[in-house]
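Reviewing the structure listed below.
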Amino acid sequence: MRILSWNVNGIQNPFNYHPWNKKNSYKEVFEELKADIICFQELKMQKDNFPQEFALIEGYEGYFTFPNTRKGYSGVGIYVKKDLCTPIKAEEGITGILPVRNQRYSYIEAPPHEQIGYYPKDVDRKTAKWVDDEGRCIILDLGIFILIGVYCPVNSGDHRWEYRKAFYKCLRDRISSLIKEGKRNVVLVGDVNILCDSIDTADQKDIIKESFVPSISESRKWLRELLKPHRSGLLLDIGRIRHPTRKGMFTCWNTRLNMRPTNYGTRIDYTLATPDLLPWVQDADIMAHVMGSDHCPVYMDLRDSLDDTPLNDLLTHAKDPPSLAACHHSAYRPSKNIHAMFQQFEKTKKSRSESDINMAETSTTSSCSPSTNNSTPLSVPENGPVEKRRRTEQQPKLSSFFSKKSHSMEKYEAGSENPPPIIEVDEIRSKVTSANFPNTESVTAWKSIFQKKSPPLCDGHKEPCKLLSVKKPGINYGRKFWMCARPIGEVVENSNAVSNDDTQPFQCRYFLWDSDWKG
């Protein structure tokens, strides 16, 4: 059984990349990835406009959570192969504060048969709602383990640090309660948005920042304390256990700066599990070759059986999926799908109009003789209403304006007048000289103002640079600059020097403000 996690950076995004742009649905994508359970992060859509083609995928049951605040942001979805298992319970959010689908109570207030339970303690309702309102977590009970699909908040500055702290605390408390009080095994997959050690980044400045940026150091401390072998650790980093010394095992790259070709990235997507599940693990890795996002998929494979115990016997096979399943959503029921209703209405309307046209053509053909040329349609009687007769009088077609000859051209063809003289293009060009336009220099000057400047050449490779703009808030926000167009990678000594054998394949240190470039 393969559990796969992928931050798709928008549910429609992968289909903009090869080979997914040749696929018709996510079913083909899942089959290509050989995935049985798929966790997506950053759906970037709302519940009301989430397309049915993404919600209901043949052979899979979907479970989704969407943000109530920051709409069009975050969002997590988990697809479970129907032939594999059916969860007995499903929840959105970590704290249990969100309402149960089609019910008036929350998960924490639900009866035991509807809740997974073991919610974080010492969390007030306001904080709980604050944590779960951004649509960042789905939890499924699959019998042998509790599956948590998560999209942790990114470290975007101190203004979001309080939210991140609250989210981290609730997530750890829920995992701890499930393991210690519920005696359950837990699998956590998703974009945690935190790198753990120096081996997990290509840019060592990320490690240096830890010593003087409190939010970064606190985030990494939380992750390291969540993972074993820390004395308070709860989960194992399955991917790193399978590849303990592997470098370059990155899952996220800055595609705007074209860092992926040089594998200049970070590892912030994880497959984590409790120690008791380690014997079941057959493999775990990343899929760096899979395009479709600024992240790549990560996966964990479980054995089909262990000690003569089939995995299938330990998974749940509920008769009916939990209420959170997309199949129970009113928007996707055929009888209440307003989109399908309008589509059916349009089809009916179109078929009726076509039948009316065919009937009109049949009646006109049967009742008109070949010699008759009546400008009034037969369907309107001569003694009918004046307004209707005016509207139905024969009107010229649009094509007649292009096919009808002008009165002057008819005269020329009839020979009543001599045709107009033909002026050659060369004759016109000969009359247009610089003497007629004494301000040629001013015209050239105006053209030069609007002409696009040629890019400068970088010092390291003598190649055209690319133009970027400053996105970081500050005095230079929006200001444009030129830099080397090659992908970012390892910076070697004397990288500004020109090399005949091109020993510097990465981006050199060339930088120039656009206002200083006179090209």
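Each Cβ is built from the backbone N, Cα and C atoms, and glycine gets one as well.
Unlike curated entries, TrEMBL annotations are predicted automatically.
Taken from TrEMBL as is:
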ACT_SITE  Tyr151  active site
BINDING   Asn7, Glu42, Asp191, Asn193, Asp294, His295  Mg(2+) binding site
COMPBIAS  346-355  compositional bias 'Basic and acidic residues'
COMPBIAS  362-379  compositional bias 'Low complexity'
COMPBIAS  385-394  compositional bias 'Basic and acidic residues'
REGION    345-421  region 'Disordered'
SITE      Asn193  site 'Transition state stabilizer'
SITE      Asp269  site 'Important for catalytic activity'
SITE      His295  site 'Interaction with DNA substrate'
Distance from Asp269 (site 'Important for catalytic activity') back to Asp294 (Mg(2+) binding site), taken between C-alpha atoms, in Å: 12
Neighbouring binding-site residues, C-alpha within 10 angstroms of Asp269 (site 'Important for catalytic activity') - of Glu42, Asp191, Asn193: Asp191, Asn193
Other CB atoms, at most 10 A from the CB of Glu42 (Mg(2+) binding site): 23
In the chain carrying Tyr151 (active site), residues 6 or more apart in sequence that have Cβ under 8 angstroms from it: Asn7, Gln41, Glu42, Ser74, Gly75, Val76, Arg136, Cys137, Gly190, Asp191, Asn193
Nonlocal residues around His295 (Mg(2+) binding site), in sequence order (Cβ under 8 Å, 6 or more apart): Trp6, Asn7, Val8, Asn9, Asp191, Thr251, Cys252, Asp269
Additional residues surrounding Mg(2+), by Cβ distance to the Asn7, Glu42, Asp191, Asn193, Asp294, His295 centre under 8 Å: Asn9, Gln41, Tyr151, Cys252, Ile268, Asp269, Ser293
Binding-site residues listed as Asn7, Asn193, least Cβ neighbours within 10 Å: Asn193
Recorded positions: Asp191, Asp269 - member with fewest neighbouring CB atoms within 10 Å: Asp269
Asp294 (Mg(2+) binding site): tally of other CB atoms within 10 A of its CB: 18
